[in-house]
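Novice: According to TrEMBL:
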type     : residues  : note
TRANSMEM : A:16-32   : transmembrane segment
TRANSMEM : A:38-54   : transmembrane segment
TRANSMEM : A:61-79   : transmembrane segment
TRANSMEM : A:85-106  : transmembrane segment
TRANSMEM : A:111-130 : transmembrane segment
TRANSMEM : A:150-171 : transmembrane segment
TRANSMEM : A:178-196 : transmembrane segment
TRANSMEM : A:230-246 : transmembrane segment
TRANSMEM : A:280-299 : transmembrane segment
TRANSMEM : A:319-342 : transmembrane segment
TRANSMEM : A:376-395 : transmembrane segment
Amino acid sequence: MSALFDKIAQNKKNQVILFIAYVVLTGLGLFLLPDSTIAFLLLLFSILVLYYLNFNLRAKWVTGIAILAVLVPLIASHSDSYQTYMEVGTLVGIYCAMALGLNIVVGFAGLLDLGFIAFFAVGAYTYAIFASGQASKFMPFGHYPLPGDTFWIFIFVGALVAALFGILLGIPVLRVRGDYLAIVTLGFGEIIRILLNNMDHPLNITNGSMGIASITPPKFFGISIGNASQFYYIALGIFLVVIYVVRKLENSKLGRSWKAVRDNEIAAQAMGIPLVKTKLAAFAIGASFSGMMGAVFAAKQMFVDATSFTYLESTMVLVMVILGGMGSVPGVILGAAVVIILRTQVLTNISDWLSQMSTNYGIPIPPALSPEKMQLLIFGLLLIIFALYRTQGLIPHKNRKVDVELLKKESAAAALEREKSTSGGADS
Amino acid sequence: MNILEVKNLTKQFGGLTATSDISMNIEKNSITAVIGPNGAGKTTFFNMITAVYKPTSGDILLNGKSLVGLKPHQVSQFGIARTFQNIRLFNEMTVLENVLVGMHQNLKAHWVGTLLQLPHIRKMEEAAKVEAYDILKYVGLEDYVNENAGNLAYGAQRRLEIGRAMAAKPKVLLLDEPAAGMNPKETEKLTNLIYDLRSKLDVTIILIEHDMKLVMKISDYIYVLDHGELIASGEPDEIRTNKKVIEAYLGKGAVAND
């Protein structure tokens, strides 16, 4: 069996054929069984398969984007559950971006944040307030709601405001570490939620517990965006940008500074890394991803209130990061996808199935036992299992390896160059 | 010429005086050793120079500029690099990345430029990697480039710390017990490395060390601390015969019975 795997791994042509066969098969499966959630999930799974093939990076990216942007929506559009599938896809995109943001804070910089959903809330409310009549209740000038075209600007405004809140949170908590930091961030998350829930007097900014309704849907060149299938592309677009940013930062000067601070604060400072600036950058950049997706979330739901941003949601994002693998970008993406699909598809399906069983066959299953209601228990158990048997997550973080042979060559070339220039200098 | 001047440096932790009234003049391009029994205040002294601790009183001047009141990373940017008594590497990062972090203050890469993939930043990153590789070759770790620093053997970790400090291109290099836990062969290699470092980097080296053979062989000048006080200073030969030093190390009786 393993010999077979080795053979496949060595031969690129076999990999291409097998991968295409897999995609065609699962695609056909979804086409023929359009209402089967399993077929849909298997098709999505092809992205993970793609990750493990040893194509070159660019080919992987192009194939992956083609599958997500063209193939999946195309095949799913034949299904009655098209919008449901795309809704799940959008949610996965939103949470992936958020988990990648939290991964910068927790995975790279080693700052445990238990209130991360606050930044998502800030982004969501930023768009919600200005894209509904809400803003006219406290803004002395301007006409509200702003038109749907401004949504695209608000993606950035959301990011900016969230980053600002990231820094606001960052400044007071920089002095505490570890468990203390976790508690303070937890408190921060709750403060933001409670504030949003109560800021309807004396000045009505958030409309309190009533929430903000009838948020203007985004407009793209005059087309109003209201379907999950359309939001899917927005979420996918932002998600791709976020991956790009994270990938580039991870192996840059800033990324190394984060990891250095995580591994040893004192040594990092002794090497000239400014602690405050580095930590604040992690908070701000991580928060900005959440803020962007918050704006998308508000536009998609067309309604926001504080109940969407509870402590449970912060925990869920953290579960995604830990489940996937702290510090590992592909791991965190997989973790986010697994958690969202578990929550929205698998658990609800099992619950439906169980309730069907009880009505059809008279097996009494109390509704309190339905898996949908035991989310916290299930994710808690999952975390315990991972803590015991796979501490590094689904796809453990790997440091990027450099090509030593290439370095050796370049180093020799550089030495030659130096020699030339010094001997040249001696000659003249 | 003196590169580093320490004036009446005192550090008190509550009622405990860790170092009291220490003054030193450290000549440029010299190798200076700070020795003394355990608890004499040597590492506290290093921690004050690198701004980990703020001195209770006194002053530290690097090229005539005071370092007191600066943040640790600012002191590092002024040109002081150090290694640690209890090794402090970035364990979850690769050996090469550890050296790259050491180079940070010489890498001018703004993160916006990184995101835009500006050509000069890519070039700089590439050049930095080559330079880091050269440093690893110099400290004899070129076979472990992609290894996680935490997985290295003890002696290799010590050398990596020196490599990381070298990468910062410091004016003054502080080595806190570089030979601790090394076997004689490794110590000899290290001695040669330190010797070579001074001429290669044109750096001033201050080291804390318990290995007297190494200290006597390597240093131009020695300061001896005991109970936070400077009890002697001089060239290796003077220190070797200094009564106060022998007393501090071996106890009063040892001198009397001699």
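Glycine is treated like the rest: Cβ placed from N, Cα and C.
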Novice: Cβ under 8 Å to the transmembrane segment (A:319-342), counting only same-chain residues 6 or more beyond its ends: which ones?
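Specialist: Distant contacts of the transmembrane segment (A:319-342): 41, 44, 48, 51, 88, 91-92, 95-96, 98-100, 102-103, 106-108, 243, 246-247, 250, 259, 378-379, 382-383, 386, 392-398.
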Novice: Counting CB pairs under 8 Å, which listed stretch among A:16-32, A:111-130, A:178-196, A:376-395 touches the transmembrane segment (A:280-299) the most?
Specialist: A:111-130
Novice: What residues elsewhere in the chain lie close to the transmembrane segment (A:16-32), defined as a C-beta under 8 angstroms and at least 6 residues from its ends?
Specialist: 8, 39-40, 42-43, 45-46, 49-50, 53, 55, 67, 71, 75-76, 78-79
Novice: Under 8 angstroms, Cβ to Cβ: which one of A:61-79, A:178-196, A:230-246 has the largest number of such pairs with the transmembrane segment (A:85-106)?
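Specialist: When the Cβ pairs under 8 Å are tallied, A:230-246 comes out ahead.
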Novice: With the transmembrane segment (A:150-171) as the reference, find which of A:61-79, A:111-130, A:178-196, A:230-246, A:376-395 contributes the most Cβ pairs under 8 Å.
Specialist: A:111-130
Novice: So which of A:61-79, A:111-130, A:230-246, A:376-395 is most in touch with the transmembrane segment (A:178-196), counting Cβ pairs under 8 Å?
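Specialist: By Cβ pairs under 8 Å, A:111-130 leads among A:61-79, A:111-130, A:230-246, A:376-395.
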